[in-house]
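K.L.:
Have a look at the structure that comes next, please.
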Amino acid sequence: MARIPECTILLLLCMCVLAVPAQCFNLQPCVLVNETVSVEKEGCPRCLVFRTTICSGHCPTKEPVYKSPFSVVNQHVCTYGNFRYETIRLPDCADGVDPLVTYPVALSCECSLCSMDTSDCTIESVEPDFCMSQRLPVYESQKPSLYDY
């Protein structure tokens, strides 16, 4: 019986792994998710934490084998398709500080280029509910309106 070299077996295993589509790795597609986020502002001593809808998940992407200095690689990210803006009032702000903060709420998601107008396009950022000041929890059903203060 002919002996198969170890490098041939290794090559076959690598080819099998590369041939497996991304769906087999249980990568969540780009979808709407409910997420706890925080808002804070200089001059307001508390960080307001609440739940809202954001986009999260995996987008198919291609990485070229040959990278030319003249080619442009556009990576698609999971971002807002449609959205609306909501405004929330931060409590206990100093005199002269506008207590209103406006933020986007995702209505639909899509895989497209990242827009700095609505998204954090950094490679690695802080968690969405990160606070530098004292946390003031507000839950989805208790989110204050503009007129609660």
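These residue numbers are counts, starting from 1, taken along the chain as shown.
The backbone N, Cα and C atoms fix where each Cβ goes, and this holds for glycine too.
Quick caveat, the model's predicted, so the values are computed rather than measured.
What Swiss-Prot shows for this protein is this:
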- 1-24: signal peptide (SIGNAL)
- CYS30-CYS78: disulfide bond (DISULFID)
- ASN34: N-linked glycosylation site (CARBOHYD)
- CYS44-CYS93: disulfide bond (DISULFID)
- CYS47-CYS131: disulfide bond (DISULFID)
- CYS55-CYS109: disulfide bond (DISULFID)
- CYS59-CYS111: disulfide bond (DISULFID)
- CYS114-CYS121: disulfide bond (DISULFID)
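Give me the structural setting of these features: burial, nearby parts and distances.
P.N.:
Under DSSP, CYS78 (disulfide bond) is assigned to a strand (E or B) in the three-state scheme.
In this structure, ASN34 (N-linked glycosylation site) is part of a beta strand by DSSP.
Mapped onto three states, the DSSP output places CYS44 (disulfide bond) in coil.
For CYS131 (disulfide bond), the same-chain residues that are 6 or more apart in sequence and have a Cβ closer than 8 Å to its Cβ are SER38, GLU40, CYS47, VAL49.
For CYS109 (disulfide bond), the same-chain residues 6+ apart in sequence whose C-beta sits under 8 angstroms from its C-beta are CYS30, VAL31, LEU32, CYS55, SER56, GLY57, CYS78, THR79, TYR80, GLY81.
Classification of CYS111 (disulfide bond) by DSSP places it within a strand. Every protein chain considered, the tally of other Cβ atoms within 10 Å of the Cβ of CYS111 (disulfide bond) stands at 18.
Long-range neighbours of CYS114 (disulfide bond) (same chain, six or more residues apart, CB within less than 8 Å of its CB): VAL77, THR79, CYS121.
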K.L.:
Here's one to test understanding: among the recorded positions ASN34, CYS59, CYS111, whose C-alpha is closest in space to the C-alpha of CYS93 (disulfide bond)?
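P.N.:
Answer for the nearest of the recorded positions: ASN34.
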K.L.:
Just the number: how many Å between the Cα atoms of ASN34 (N-linked glycosylation site) and CYS111 (disulfide bond)?
P.N.:
18
K.L.:
Can you tell which of CYS44, CYS55, CYS59 has the least company, meaning the fewest other C-beta atoms within 10 angstroms of its C-beta, among these disulfide-bonded residues?
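P.N.:
With the disulfide-bonded residues CYS44, CYS55, CYS59, fewest surrounding Cβ atoms within 10 Å: CYS59.
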